[in-house]
Amino acid sequence: MQNETFKPFYLFFITYMTQMGIVFFSLPNIIATHFGYNGWIMIIPISVVVLIHIGLIAKIYSFNKGESIFETIESLNSKAKMILMLLYISLSIFWSILAVTIAKHYAYVMKFLYFPYTDIQWFVLLTLILAFYLVTRGIITIVHITTIFFFLSAPIIFLLFYFVPDFSFLQFSTFLFNENKDFYGGIIELYTAFLGFEVILFMFPYISKEKSGFKYVFWAHLYTSFVYLIVTIFSYGFNSIQQLTRQVYPVVTLMRYIEFEFIERLDSIIFILFYLKVLITITMYVWISLVTLKRVVKWSDNLIVFVLLIVGYLSTLPFVTKKESIILLSALTKVQLFLSVFLPLLLLMIIFKKRRSNG
Amino acid sequence: MYINKNLSEHIKGRLDDCDDLVTRTFPELEIEVLFFGHLVGEEELRNNIVQPFSNIKNDEVINILRRKEFKQEEDLNSMVNGILEGKALVIFKNSLAYTVDIYVPKTRSVSAAEIETVIVGPKEAFIEDIGTNLSMIRRRLKSDSLKVVSYKIGTLTQTKMYLLYIEGITSSVLVKELQEKINGIDIKGINDLNQLVQYLDKKPLSIFPQYFTTERPDVSTSKLLEGRVICLLDGSPYSLSTPTSFFEFFQSPDDYNQRWLLGTLSRALRFAALVITLFASAFYVAVSMFHYEIIPVKLLHEFIKSRSGVPFNPLIEALIIESIIELLREAGARLPSKIGQTIGIVGGIVIGTAAVEAGFTSNILIIVVSISAISSFVVPHIIMTASLRIARFIFIILASIAGFFGIIFGFILLLIHLCSLKNMGEYYFKPIAPLSLKDLKDTIIRAPYQFFKK
């Protein structure tokens with residue numbers, strides 16, 4: 001059966017919403033602790049590297065002509081089926097654990113900020129229910145929902161205008177990267193903040209074939225970089241470097257400053273609107289683990305997603321404190337970073353090998 | 001079954017114990033006429049039956065029976081059905097049978113729309129007679145590409161139904177799919193189109209209406225022109241159209257009849273009303289249970305003062321007031337219109353004021369609930385209003401469980417549900433999902449007509 005496809009412009013929303021995650025709230029803090037003064041500059045070179053990384057995926061897309069990457073991998077060697085199956089299963093489990101860990105992390109932050117007396121397991125379970133419901137509706141509905149969520153959450157950026165009167169260039173100072181701690185660790189950390197675009201790899205068969213459809217992924221990445229950059233610049237211009245290194249979630253603090261006639265402390269509403277983005281990130285990782293596991297087992301989507309979420313949930317149960325969940329998440333994202341570099345390279349190798357053997 | 005002897009006895013045997021069957025005989029001509037007196041028009045009976053058979057000779061009868069309004073029937077079932085449909089059955093020499101259509105339905109005359117009222121525009125609404133309804137559409141759409149397919153629904157009621165579409169605009173796949181669905185309906189009887197709609201529902205558990213019904217012929221005609229299929233059912237002053245979109249329920253003919261800017265702004269108002277009616281009470285519950293911090297200090301004082309005497313928690317408080325509003329609404333709907341208004345105003349004011357004075361609820365909640373009740377009436381379609389009312393209660397309960405997070409949880413569930421609903425192969429949440437900028441100018445806004453392209 002032919003897959004139902006979506007128009008390439010949806011890639012913009014999918015990429016942006018998957019890239020943007022919970023790390024957004026602590027980004028200025030990460031940058032300030034790792035890079036020190038004027039650390040926001042580092043966003044630009046790293047964004048360029050990510051752009052090249054996305055370029056790799058774009059190359060695969062143009063070579064593949066809409067073929068799913070599983071078919072590409074499986075075309076390499078039909079004998080190594082067992083190994084491939086094991087690889088698929090472990091990848092699939094890894095991604096579902098990653099998805100649940102992201103959900104858990106958001107729940108910890110939410111508990112920490114707004115619901116001090118609530119057990120985080122409730123939030124995790126509710127999130128998993130939503131992710132289950134959304135993933136089992138199929139990729140087309142996910143794409144549509146992502147677009148709606150984008151338009152609901154994107155206007156938040158305009159709130160930055162509120163800070164313009166209090167913005168001070170004095171805070172920037174003339175030092176560059178002084179007082180930094182772990183420069184190279186910071187690069188990795190910042191790079192993982194851009195992760196999420198690699199899910200596009202799994203969507204090839206669902207994108208309707210149109211020329212230069214992939215440019216939307218680049219645009220999305222540039223938009224993400226722009227948002228990261230402008231928010232970090234505003235944080236730098238609003239706080240001193242010492243303040244930035246001491247606040248865990250500088251963006252939330254920034255938003256607490258906003259006061260309107262009828263509503264103040266807008267941060268709780270914005271933080272919860274941000275849940276839309278986090279949910280999409282979770283959903284996308286659950287979805288790629290679904291499509292991966294589908295190559296191995298012939299169960300219904302509902303059952304696969306259910307099993308995956310249960311596995312993900314149980315495997316993250318031992319990590320009970322917020323600190324543990326942060327450590328787990330940062331370890332998992334580093335693995336994911338490795339995967340997102342390794343997978344495109346592997347695919348490109350296979351494609352080149354195939355081309356050479358085909359003449 | 002072909003019978004050539006004692007035909008009259010057979011028919012009367014089938015219609016045994018139907019005392020309303022009228023028999024008229026012309027013994028000298030060997031003619032017997034059977035019909036139900038209350039289904040036929042007196043004038044039609046006189047013109048088609050009584051006059052032709054009066055003062056004629058035996059040999060002239062056969063000439064009269066050759067006229068085209070006399071249709072020869074050979075099957076006993078179709079003879080009986082003919083009588084039941086309001087035809088007169090003319091039996092000649094007790095062996096030949098002819099039906100003559102002299103059916104005149106006794107219905108009310110066309111009157112102004114009562115539920116979907118407009119400020120500017122045509123006033124007439126459909127009535128219970130399907131022929132009149134069809135004539136109202138034909139009158140507006142004088143084109144040979146308007147096609148009408150006839151159906152019978154219900155094994156006992158044999159209710160007549162018309163399926164209308166414009167050839168060349170409506171996709172034939174859509175027509176075929178709907179025809180299959182209609183043929184698949186197996187029921188004893190049907191009373192109203194709004195029941196039929198529920199038989200056609202693809203997702204019966206959804207709280208949202210999946211077919212658009214209207215009592216206005218002008219709206220039905222515009223749906224036809226947009227390439228949708230229309231169904232009319234005998235005995236029902238409604239028409240249904242499909243494929244349906246969520247946003248159709250927020251459109252009113254007024255948007256099109258008035259200037260575009262007013263149309264656009266009133267649509268914006270309706271979407272604001274949608275947000276208010278869904279979230280206002282839930283927001284109150286969430287704020288007063290979890291998120292006191294978002295109220296500015298100046299307002300917080302008043303807020304706490306008004307809540308200080310209330311013995312219940314905000315959830316119970318909100319549910320009580322919402323239920324009272326629902327009671328008033330239901331009572332107002334069932335009572336005659338004059339008393340209904342009294343109960344609405346007096347009940348609302350008296351109970352509202354007294355509830356606050358008695359310390360049952362805070363007056364801020366009364367304001368919130370009243371605004372959300374008023375907002376629910378801004379939505380032009382009563383069926384959608386009902387769906388939103390159900391959703392509102394769910395949101396209130398979710399807000400009491402997890403504050404803003406509960407609201408957003410419910411909201412996401414609602415959105416996923418709306419986005420995955422499909423009606424006749426089209427997405428219910430079109431043109432937001434799938435996003436189509438081209439169609440947005442006639443859903444979210446109402447652009448000037450010059451901006452629409454064929």
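Just so you know, glycine gets a Cβ as well, placed from its N, Cα and C.
Note: TrEMBL annotation is automatic and uncurated.
Annotation comment: TrEMBL describes A:9-31, A:37-61, A:82-102, A:114-135, A:142-163, A:183-204, A:216-238, A:269-291, A:303-320, A:326-352 as transmembrane segment.
Most Cβ pairs under 8 Å to the transmembrane segment (A:9-31), among the stretches A:82-102, A:142-163, A:183-204, A:303-320, A:326-352, belong to A:183-204.
Highlighted: of the candidate stretches A:183-204, A:216-238, A:303-320, A:326-352, A:303-320 has the greatest count of Cβ pairs under 8 Å to the transmembrane segment (A:82-102).
Sequence-remote contacts of a segment are chain residues at least 6 beyond its ends whose Cβ falls under 8 Å from one of its Cβ atoms, and for the transmembrane segment (A:303-320) they are 92-93, 96-101, 104, 124, 128, 131-132, 135-136, 286, 289-290, 293-294, 297, 327-328. Take the transmembrane segment (A:216-238) and the stretches A:37-61, A:114-135, A:142-163, A:183-204, A:326-352: counting Cβ pairs under 8 Å, A:37-61 has the most.
Counting Cβ pairs closer than 8 Å to the transmembrane segment (A:37-61), the top stretch among A:114-135, A:142-163, A:183-204, A:269-291, A:326-352 is A:183-204. If you look at the transmembrane segment (A:142-163), the same-chain residues 6 or more away from its ends with a CB under 8 A from one of its CBs are 6, 10, 13-14, 16-17, 134-135, 227, 230-231, 234, 237-238, 254-255, 257-258, 266, 270, 273-274, 276-277, 279-280, 283-284, 287. Scored on C-beta pairs under 8 angstroms, the neighbour of the transmembrane segment (A:326-352) with the top count among A:114-135, A:183-204, A:269-291 is A:183-204.
Nonlocal intrachain contacts for the transmembrane segment (A:114-135), taken as residues 6+ away from its ends with a CB within less than 8 angstroms of a stretch CB, comprise 99-100, 103-104, 106-108, 141-142, 145, 268, 271, 279, 282-283, 286-287, 290, 301, 305-306, 309, 313.
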